[in-house]
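Here's what TrEMBL has on this protein:
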COMPBIAS  716-727  compositional bias 'Low complexity'
DOMAIN    20-135  domain 'Ig-like'
DOMAIN    143-237  domain 'Ig-like'
DOMAIN    350-442  domain 'Ig-like'
DOMAIN    460-526  domain 'Ig-like'
REGION    711-730  region 'Disordered'
SIGNAL    1-23  signal peptide
TRANSMEM  658-680  transmembrane segment
């Protein structure tokens, strides 16, 4: 067995070595299968590798491209080999377990088109060759169009008239094998004669098509070079201007066998077929244009323009000519129109109209006034019967209508609201019966309340009244306990509470009356309205904070609040009760009061100053309708301790800094002054001008001096300033010069003269 395997391996290696020089001859060496695939698609090649007998077995399978080996598989040793150049991108997938085996090439390219064949070697059976002629089809580009001038045409041709010749080219780029280009009009083949162009790799089919009403359809250009996929296709519309080829008038209302009844509405319809673009349909009556009475539409199902005209013929319209003309405004005047005419056949039935007699306005009458209606008729022959209708029902004799209802007049002495409605009269002659257009009689009455009399929705009061005409003036009366009454006049049934001056109680007594020009309202509409629900809700999310060296209260704004009331309560001196210390109001719109916190959430802020233990702060949301219940807050010990300033902060205060600076400057000034005086005393000479203290003597002193003896005998006792630098022996003026009489007695010390006025003067 080992020897046998060695022989097989040697034969296999030899066959692989000599295989490139062995040429496969299609048809001679084996069958050839023709296979087609698209570029960039996948192609699966099949090779029958099943032995003819059960005793035989597969030894080797080799795939060739144009006799160049590209893949092999040795079954015995399990060796698989691929051509590295052909399989550079891993496009080959071989499935040896399939029956028959498959060889798949993915991402096909143009150069993959070749004659492939597989060679199968068996242990006992002869070599088997199977050829596959693979054709790789390259699709052409999508067709595009050029006109006779070489301009690109997209979606729609330029405009043509009937009888013109359309010249259009359809071109495609590329394709292998060369594609076939065909023109189609709808589903019909028009031209299939394609040709090459001067541009390399471009083919075209030039179409010459005489245009008529029959071939003015959508054109298709199709290019194909394979049956694997549908043809490449592009289309465009032919813009062909056509006049109408048929115009017809027929009656759709008001005609009996072509006859029209005078005084009855008749509707004629004109249909114009085959015009492009949509024509203008114009009506004429005896050459007088009726354009203001036309109504034109487009019927896509009929591909026709449709116009209707509604009119009421009369005796003067007998034998008149009604004409409908379809005009294509884009086409030349000599071939742009077509028309149809009919002759009016008018029978003379009664012409009926209702009028209201008297000095009343048409259709309107005040309650309790009389109503007088008249049926005016023109008829030939004369009318032989009149009928009256109320809201399309016959008016019977008696009841609220009276007895004489078969004449041409209807009289109601005192009308009430139940007489409001549509009135009509009919007249009959031997031609027919005609009913007049109804007249809507409106009975006017003064305003009156309806339930609920007054409603409050959000912040708007509504006075619910009814009356004809609709009231245009409303009188409001607002009453509140302990407040002055308010009286307002409005032009509508609504009154906004913003128009009222506050403040508001929890409930207000509201009454209103309306006026509509007919009469004033007899009884006022009155209701007690609760407004307490318009107050804002109590703040629920508030806190105390110590910021910017003072306490602040911060609240998340509540809905419908315009301002907040903040209150601060302090313990009394006896610490037995809380006393209101301050109360303030903060507007929500205040930029200082409405700020954002770190979480970008709006807060209402208010300053409280410094708080102490036991103090309480409250916040209440308010608007013009009052304030909510207050939310009470008390600072915690942690917050109070955080608010206590450190000991060194006393020296950082502005006033303390100023005081400390002033003291320091004074000390420096005193010190510098003392130093300067000492320096001056050291440098000045001892002899200085004397300083004499001049005394202003009071009565006690004078009395003392008068009682003293000869003072000139005691010069050492003369008065001198303590600040004098003179010695006792120096000359000085004596008191003897005063020439005062005195009595000799024992010397008495002088009185205290330190309280006398004094000044210093240099001698």
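Placed from the backbone N, Cα and C atoms, the Cβ positions cover glycine too.
For the domain 'Ig-like' (350-442), the DSSP-based tally of helix, strand and coil residues reads 6 helix, 44 strand, 43 coil. Highlighted: of the candidate stretches 20-135, 143-237, 460-526, 460-526 has the greatest count of Cβ pairs under 8 Å to the domain 'Ig-like' (350-442). According to DSSP, the domain 'Ig-like' (143-237) comprises 0 helix, 53 strand, 42 coil. Taking H, G and I as helix, E and B as strand and the rest as coil, DSSP gives the domain 'Ig-like' (20-135) the counts 5 helix, 57 strand, 54 coil. Residues in the domain 'Ig-like' (460-526) partition by DSSP class (helix H, G, I; strand E, B; coil) as 3 helix, 36 strand, 28 coil. If you average pLDDT over the domain 'Ig-like' (350-442) in this model, you get 82.
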